[in-house]
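Reading through the structure tokens given below for one structure.
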Amino acid sequence: MTSISTNKRLEQIKDHISGSSVTREHLIHHRHPDDVVIVSAVRTPICKAIKGGFKDVYPEDLLAVVLKAAAERAKIDPKVVNDIQTGNVLQELGGIKVGRAAMFTAGFPYTTTYGVLNRQCSSGLQACNNIANAIRAGEIDVGIGAGVESMTQDYGSKSTPSKVSTAIKTGQEDVFLPMGITSENVASDFSISREDQDRFSAESHEKALRAQAQGLFDAEIIPVKVQQTVTIKDEKTGDEKKVTRDVVISKDEGPRTGTTVEKLSKLKPAFKKDGSTTAGNASQVSDGAAAVVLMRRSKAQELGCTILARWCGARVVGCPPRIMGIGPALAIPAVLKDVGLKVDDVDVYELNEAFASQALYCVRTLGIKPAKVNPKGGAIALGHPLGCTGARQVSTLITQLHHSQQKIGVISMCYGIGGGMAAIIVSEKD
Amino acid sequence: MFTKHRTAGYNGYAVQWSPFFEDKLAVATAANFGLIGNGRLHILSVGAGPAAGAVNVERVFDTQDGLFDVCWSEVNENQLVTASGDGSIKLWDTTLADFPIQNWHEHQREVFSVNWNLVSKDTFLSASWDNTIKLWNQNSPRSLQTFNGHSHCVYSAMWSPHSPTLFASCSGDHTLKLWDTNSPAPVQTILAHSNEVLTLDWNKYQDHTIVTGSVDHTIKVWDLRRPDRELNCLRGHEYAVRKVKCSPHSGSLVASTSYDMTMRMWDITTGDMIEIHDAHTEFVLGVDFNLYRDREVATCAWDESVHVFTPRCLM
């Protein structure tokens, strides 16, 4: 017996005990009638809040656009959808009433139920997972997980509650920290340098611009027609007047040419005088919506839907609120363990860039190869409409896996109040 | 009655009671937990009645590599075959000392199971970590047939007790496959577990029922006529299930062994766990029901011991 074969034998037995031998290959080729599959995943372009293309648009307008398009792309009759859940962070009442109206506007009947949820920046992903779990439990056959946020309309509170019990808040101040401060905490606790953060951010813009130029977002973006009010000057009289006109927005507004490390290094810290988090190495404040149609595989086959990817599960893991950005470093291993994969087995990580500090911390801690992280850029370039982001990432990841002909993708993000979420999908495009 | 026999220096991998003698037990073992080094086949005689508790070592056979499985011939009461880590399969005669009477070496990796045809009685199967299953006749110098179809280690291949040409196999590729020796390709593939499937056995009373055990800790009961979903999923083992064995005396009784160091018994009709044997102190790998003494069970484990006893649920 040579030592090589002894080691192989040992490895084999070790796999029996650790249970970690679910090979990549198996996960890729697995097909079962009860699988939860994704048959469409769409999003609006992400626009800059306040001054961007959606500044005059309500979040429910955006939601109606993606819900309608998600059903159309899936080639399903809206009435087969049993439930729609939308993730949202800032809207009044969580957007429950306007969302219900929006789904009616989008053509869904009253028999399709509606609900909203808030788990901060993971809300859009949580919505998808709630739908997936309801399918898995046999409660529904078809559902839509969506996410929407208009930071133009709803960011007045800065995501901080106006009325809080003093008794509750005392001693729990970390829960109420501005997100920028949690980023500073991660950067200083784990020594993430300003220069590294700026380099990561410049790369995010570079990757997003390259992907835009190659048309890599086209398959996931639903162009949105909006009415914009602009001031024009009459050339003869010199009078200025306001006119309203229809504009079609089909491109993310965030990626900015000429974003270099040098330029980013000149920005002042935004949250702390001697800090390292700036407007340039944090996610952008944005508006957008996204929707994902999930169903049981047997139902997809019955309806003749094209299966884009399989939902393999998700995990949410808590962490201290003062360093909430480390969440993905905890959630990703948890979900990988569920399916028996190792960090290297994943082809693409769609890791939300809430801040370069926390994204870098997670990439380094988990030992993810940088080339696998956000190949089309992340929230630093594209923007981060809070409740929308998770569902947006699902659409971005699927189009990327299809484009690069890769198979296994992970979506992950941290969320304020202290936690991380991660989900695994497997492309089923041959 | 509880009898313990030490296989000193050798870790137990498999046990099988003789189909001809009520007291004869074959035990396949390997030194150094089967990772490297020699193997040893033990032929034991286990007393009953007034001689209960007495274990007589009738013979031992030593091999160059660990032995992972053993099965008695169904035609010759003194013969049995072993599966070895070096890819070899050996036929032994207990009336002859020291050397095997036949040695086949075709598998490219560890052979993990051997199983004699219960109906035609003229052939046996081997399953290997080289992803193949081979069909053998003890008088042929080479295998009769090789079955390709699994994409990972094949851990077990077991004949149907009801048909001379039908057998089932399970693999690290998570599937259970059914084969007919008249066809080179599997006739049915069932995605049986969410992890490696290490063991399977046929129900002796229902020709369409198979039981599987997996690294996912579960045991599943399958009706081959409705393969889209298991009939029952038995949960209780805390680590991978290494061996499942359907009782020859009852259609609802199944024994299982696990890396959780226990042997358990199940009523597969109700799904209840009815016995935990936790006297072993290492991984329990082998279990078999005595064909003649219907309450007697043997187990072997990595703790270098063989237990022969009557489980409480059978008392």
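Along the chain as shown, residues are numbered 1 onward.
Placed from the backbone N, Cα and C atoms, the Cβ positions cover glycine too.
As given in TrEMBL:
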type	residues	note
DOMAIN	A:36-298	domain 'Thiolase N-terminal'
ACT_SITE	A:C121	active site, acyl-thioester intermediate
DOMAIN	A:306-426	domain 'Thiolase C-terminal'
ACT_SITE	A:H384	active site, proton acceptor
ACT_SITE	A:C414	active site, proton acceptor
Among A:C121, A:H384, A:C414 (the active-site residues), residues with Cβ under 8 Å to chain B, listed in sequence order: none
Chain-internal residues near A:H384 (active site, proton acceptor), provided their CB is under 8 angstroms and they sit 6+ positions away: A:C121, A:S283, A:Q284, A:V285, A:S286, A:N352, A:E353, A:A354
Mapped DSSP class for the residue listed as 'active site, acyl-thioester intermediate', helix or strand or coil: strand
Packing count at A:C121 (active site, acyl-thioester intermediate) (other Cβ atoms within 10 Å of its Cβ): 34
Local backbone state of A:C414 (active site, proton acceptor), from DSSP in three classes: strand
In three-state DSSP terms, the structure that A:H384 (active site, proton acceptor) belongs to: coil
Residue distribution over DSSP helix, strand and coil in the domain 'Thiolase C-terminal' (A:306-426): 56 helix, 32 strand, 33 coil
Spatial neighbours, same chain, of A:C414 (active site, proton acceptor) - Cβ under 8 Å, 6+ residues apart: A:C121, A:C319, A:M324, A:G325, A:I326, A:G327, A:P328, A:N352, A:A354, A:Q358, A:C362, A:G420
